[in-house]
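The block underneath contains the structure these notes are about, expressed in structure tokens.
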């Protein structure tokens, strides 16, 4: 069998990898992320060489402004590279160090954020469907090790995907190792830039690349490729688990109008811990928009809250995300200002009475007996001879009591709230209806014995509350 040249061997692998993962379609416009280093220079040349795809390439370079004149020389080199292939060139300068300080990020994380924002902008501006990145199999092994050292679950350890972000970001060189890329560059006679920061072992990735990976290579010469294969296997498992999580999400999680999520505690407790943790992360993402700054400790704290015998509790997560346990519900939402206490309102007769904080109280004179079997918790009837106007609407105060309908003894309103599972943060906003010192109705919870309708009642009022959350 004829041995393929380094160039032909690389092109054959990339073609097969593209066929397997569907990264490119003939005629696609593709933004190529080019730093000027060996891998990205090889990427441009490889994509140009895939003649059968007729790709419409745009070279994009972000100047990180971290290495002074050397950063500017990198930019000029990439521009000349684009000119060599007669490709459009787009660049932008970004003060990554200032961004890192402002956002309290590491230089690595700030640089990554700036690059992806830039690539997104370029793709949108030129109408590109795809952004091609130059990560290869050795990068994959390094990423897996880095995340393993920092601590990660299955999703993190599956590392980089050949096709990510819904098909937007593709990594055609994951099929290749560093040595194959270097042999390709040498065979093609391609020059590239050397970034001295890549040798700085102050960065974790560089320590892994220059110290840990060579050590593992001495233990097993194929360690890097096997680590990359492990990441691929984990990614396959993760795809299956993600499908199971999505199915559980539809069954167990209710998405709120405000963009948060509510889950049943009893339902969560019946699920395996691994699935619970994934559901928590999904619920946080619904409320927050992403999972940035969410750690294992946060997710573990939520699980303890769900499993606790205490029926209520709350957790404050980064970026104003609040997780609240209230009896059999756990809610994930962006924290809002505390709900204010209800302002006092005097009711002197029938009409629509707006309530502070939203909603209204509707008072009507009744002409017939109550439809006892059809009354909702937002409606109550009163004997006007026993409780004539004016009435007072106000919020709950510690010490408030009432005689509930059908009982002879008093009960604390706080205990009524607990029985009805009213969240603690809502209690001071629940309307209480008084006639003098007598509490007639804890709206949405319990009616009082005072002024109840009897067979002998002649003058009656029906009161309804509308447009207000009561539980």
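Glycine is no exception: its Cβ is also placed from the backbone N, Cα and C atoms.
Pulled from Swiss-Prot:
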- 35, 36, 37, 38, 39, 40: ATP binding site (BINDING)
Beyond the site residues 35, 36, 37, 38, 39, 40: chain residues whose C-beta lies within 8 Å of the centroid, for ATP: 34, 41, 42, 43, 134, 192, 193, 195
Packing count at residue 35 (ATP binding site) (other Cβ atoms within 10 Å of its Cβ): 21
Assigned conformation of residue 39 (ATP binding site) - DSSP reduced to three states: helix
C-beta crowding around residue 39 (ATP binding site), within 10 angstroms: 21
Intrachain C-beta neighbours of residue 40 (ATP binding site), sequence separation six or more, cut-off 8 angstroms: 32, 33, 34, 134
Which of 36, 37, 38, all binding-site residues, has a Cβ with the fewest other Cβ atoms inside 10 Å: 37
